[in-house]
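What follows is a short report on a single structure.
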Amino acid sequence: MKTLFLGVTLGLAAALSFTLEEEDITGTWYVKAMVVDKDFPEDRRPRKVSPVKVTALGGGNLEATFTFMREDRCIQKKILMRKTEEPGKFSAYGGRKLIYLQELPGTDDYVFYCKDQRRGGLRYMGKLVGRNPNTNLEALEEFKKLVQHKGLSEEDIFMPLQTGSCVLEH
């Protein structure tokens, strides 16, 4: 019985991992809604966001690239997301951040959910993303359910202004 359970579990894990790789997670994603935990400073919440470009690096690893303005300068941020044993789970910054990618059923949208370990504490952030900048109300409702399931408050969901990528200075 244990052997059968182990076989089914490993098969399911392999199937889930295969599904995530098969579904094209690469490309441009538009941030439609965000949520952060209550400990996240209000003044650090992004009011404007650029699209996120996800690139496959091989071996199941991904790179997420986006730009933002800081003190009138365009800054580009690249995050190396290393594949873990758990399907849909990636680590970044030496394991300090754990990033989960979850497709929302019945939509073309995903949730990028992040646990960030800082100075002995944990911070949580979630992003509802899609292939186009239009907000899908079904996906937004699913995002709200997921937010509550993760222990975050629906009241902390906000919709930043979607902008284009800024131009880097050379």
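Keep in mind that glycine also has a Cβ here, set from the backbone N, Cα and C atoms.
Among the features that Swiss-Prot reports, disulfide bond is placed at C74-C166, with the record citing experimental evidence. Under DSSP, C166 (disulfide bond) is assigned to coil, being neither helix nor strand in the three-state scheme. If you take the C-beta of C166 (disulfide bond) and look for same-chain residues 6 or more apart in sequence within under 8 angstroms, you find S50, T67, F68, M69, C74.
What Swiss-Prot lists as signal peptide is 1-15, and the listing cites sequence analysis.
There are 14 other CB atoms within 10 A of the CB of C74 (disulfide bond), with all protein chains counted.
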